[in-house]
Amino acid sequence: MALDYVPMDMLPIIKTHLIINAVVTFLAVLVVGLRVAARLSSGVGLWWDDYLILCSLPPGIGMLTIQGLWAPMGAGYDFSPDFPLINFLNILKLLVSYELIFSITISFVKLSVLMFYLRVFVNKGLRTAVKVVMALVISWSLGNILQIFLLCRPFAASYDPFTKGECGSQLASFIAVGAFNIATDLIVLSLPIPTVWSLKTTTRAKLALTAVFLIGFIVTVISIIRIFTLTQLKLETNLTGTMIWPDFLSPLETNLGILCVSLPMLGALRARCMSQRGASKLEPDSEAGDRFTEGSSRNKSSQAKNRSKQRAADESYSLEDIYAPDTEIHYQSTVAALPKVDRKTAGRDSDSETALAPVPAAMSEEDTDRKGIKVHTKWSISRE
């Protein structure tokens, strides 16, 4: 059923805000789709963190939809006696839905992050902390939903100014919900940091993982700005004229949250794409083949595959790499110089260095016993 309203010219700032949020929402849908594709193509399958982020998409799109409905109803215009009454009543009705959808979306995003922590980390202390915070977030979410329906008695008084009733401060509830939202954001984002820095790896790797986990602080900054704009909101005297920034920042916060949570999950998909692209460009080097097997086509193919896998391993250390919490992360590679026997240069020491190349997996120990240089490197990351 279409809403009846008097169309009003859309203000330029409202149009700009709507376009920005439409782009962010589109990117959120796209990234979540790629996330699901990455999980399914890896053979791991979906888990609760993926299902929860999928559940956050419809209400996130709903936030954008309500913003779009408000735009031609007079959002941004100062309220006056000439303001169309039907438009104002529709804005109030949609505001109730707006609050409900916002609470649901933010809750799904937070729970998705917490479920991801449970999937990744095996540290008993961290898992206990995650479960406690999860219970806190669920309680907070239920409280948010209940206060929407219990703030006014009767409920119709919350969206119909002509209904007589008693209402608490709606503005105070907005600010309280926003403040608690920021607090839980900080708690959720900081939970894995001590565990990350306890990993037996380089400082650079720790900083990279920390940056991945703290990308959500972008959303927290948006939340803080949104709280400030809510303090400027005049619900009783000029709602339409003061709703410009809260109307923009609320959908931005929810959909940017979905986007930021899903972006780090694309590391494995990126690595696979680069690996496949590298494999398609790599052609077996006949000279390298001579070094190992004197023209064996099987070993040439093995060498190309080995190089592509090596490149993918070197360029990617994403969150997907620690999805198997019960195992240690290992990396090792071997390169060897097995020069061709050339009568003119036989016995020259530099031959082995110039022929240094990755050892194919199919190479036998008998081959590696030939004269030359073999270098074996190995590192591992273990979690306690």
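From the backbone N, Cα and C atoms, a Cβ is placed for every residue, glycine too.
Going by TrEMBL, these are the annotated features:
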{"type": "COMPBIAS", "residues": "294-305", "note": "compositional bias 'Polar residues'"}
{"type": "DOMAIN", "residues": "34-269", "note": "domain 'Rhodopsin'"}
{"type": "REGION", "residues": "279-315", "note": "region 'Disordered'"}
{"type": "REGION", "residues": "335-384", "note": "region 'Disordered'"}
{"type": "TRANSMEM", "residues": "18-38", "note": "transmembrane segment"}
{"type": "TRANSMEM", "residues": "50-71", "note": "transmembrane segment"}
{"type": "TRANSMEM", "residues": "91-118", "note": "transmembrane segment"}
{"type": "TRANSMEM", "residues": "130-151", "note": "transmembrane segment"}
{"type": "TRANSMEM", "residues": "171-193", "note": "transmembrane segment"}
{"type": "TRANSMEM", "residues": "205-228", "note": "transmembrane segment"}
{"type": "TRANSMEM", "residues": "248-269", "note": "transmembrane segment"}
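Contact between the transmembrane segment (50-71) and the transmembrane segment (18-38) holds: at least three of their C-beta pairs are under 8 Å, each pair 6 or more apart in sequence. Of the recorded ranges 130-151, 205-228, 248-269, the transmembrane segment (18-38) has the largest number of C-beta contacts under 8 angstroms with 248-269. If one looks beyond the transmembrane segment (130-151) by at least 6 residues along the same chain, the residues whose Cβ comes under 8 Å of a Cβ in the stretch are 96, 99-100, 103-104, 106-107, 110-111, 114-115, 117-118, 121, 158, 167-168, 170, 173, 177, 180, 184, 187-188, 191. For the transmembrane segment (205-228), the list of distant contacts is 113, 175, 178-179, 181-182, 185-186, 188-189, 192-193, 196-197, 199, 245-246, 249-250, 252-253, 256-257, 260-261, 263-264, 317-319, 381: same-chain residues at least six beyond its ends, Cβ to Cβ under 8 Å.
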